[in-house]
Amino acid sequence: MAEDVSSAAPSPRGCADGRDADPTEEQMAETERNDEEQFECQELLECQVQVGAPEEEEEEEEDAGLVAEAEAVAAGWMLDFLCLSLCRAFRDGRSEDFRRTRNSAEAIIHGLSSLTACQLRTIYICQFLTRIAAGKTLDAQFENDERITPLESALMIWGSIEKEHDKLHEEIQNLIKIQAIAVCMENGNFKEAEEVFERIFGDPNSHMPFKSKLLMIISQKDTFHSFFQHFSYNHMMEKIKSYVNYVLSEKSSTFLMKAAAKVVESKRTRTITSQDKPSGNDVEMETEANLDTRKSVSDKQSAVTESSEGTVSLLRSHKNLFLSKLQHGTQQQDLNKKERRVGTPQSTKKKKESRRATESRIPVSKSQPVTPEKHRARKRQAWLWEEDKNLRSGVRKYGEGNWSKILLHYKFNNRTSVMLKDRWRTMKKLKLISSDSED
């Protein structure tokens, strides 16, 4: 091959002499060495490219793995924070905040691929409160079995939240069982009440102290039995709120809350004038807060690392049992639009209140908070003589404290159960409850 190349091209020396010269053996050997060196250099370059590519891919894979782990840690922090916010909204009765926080928690949960035991318990708490908030909406569906009512579903989850069955746990469990039947009877669904009773107390070996009592009440179709007055829905809610307060004290030390609290404290300790640069100050304050909480981050990451061995795969049921079937709107009991909707905190309100709350939000300016506007509108509504009359009649018939039943069976001007309670207290102070002659 070298010989063919040499013979085909004129040598430099031949050109200089004005004639072609035959290549010597030394020149031929040198040409072969040059060709070999060039070939080896090309091979070496190709090898370097091939060797360098896997290293870059490995680095990219390591970076991607680090990002994924960091996202999982951050998602865990957000889940704790949203559970904390959900508990506060539930306890304070802020239904709109409850709904928004619930939807945010749903998005976080659907993005998780695995769970620690602590995160799983957090999800159970969110699921439990969501079902309790929809407790009186019998057509709300949380289970694959459409017959299961919201309170039945809450009862099943409640058993998974707390391993130690203390007195509060037992009280809440019994109250949910009773109200799961009472809610059906209040809606006139006595057949469904029997079915709920069978599902809850179907075990023939179970010996519940109030099992026979409930069976007798169902058979008599006594919706307003004194037993239901003693173990009322409001009593159940108060007990659940006691548990929520426990969760709040437990989760108030979560990382995001601690970091946010440090930022707020840092801002409060500074005197910021309108001439200061807000962006620079904010960055500086947040940087200081981050420095203060660096140890908290390290501790949190250590906790995540230690608990990584105890992670469990996020089963489909953990996602679906939360909110996947709760996407049909927020106004379940609208008088003009009776539509099927699943699980919002407003489901325990009556139709009139739900419609009024929706309409009252429309004209509110964006610069004004919605909640104070609602309260101001409600305070301006004077109580009519007819409303006082209906309130006295309702208390006389159903008893003091059963405001939801009174609201359901008597006509009021866009009132809530809380309004009835406050008005009744005012009437007692003014000694207006004895004026029954007009009734």
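Including glycine, each Cβ sits where the backbone N, Cα and C put it.
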Where Swiss-Prot marks SUMO2 cross-link, which residue is it, choosing among LYS163, LYS366, LYS374, LYS397?
LYS366
SER219 (phosphoserine) versus LYS213 (SUMO2 cross-link) - Cα distance in angstrom:
10
Considering the recorded positions LYS213, SER219, which residue's Cβ sits among the greatest number of other Cβ atoms within 10 Å?
LYS213
Please classify the secondary structure at LYS213 (SUMO2 cross-link) using three-state DSSP.
helix
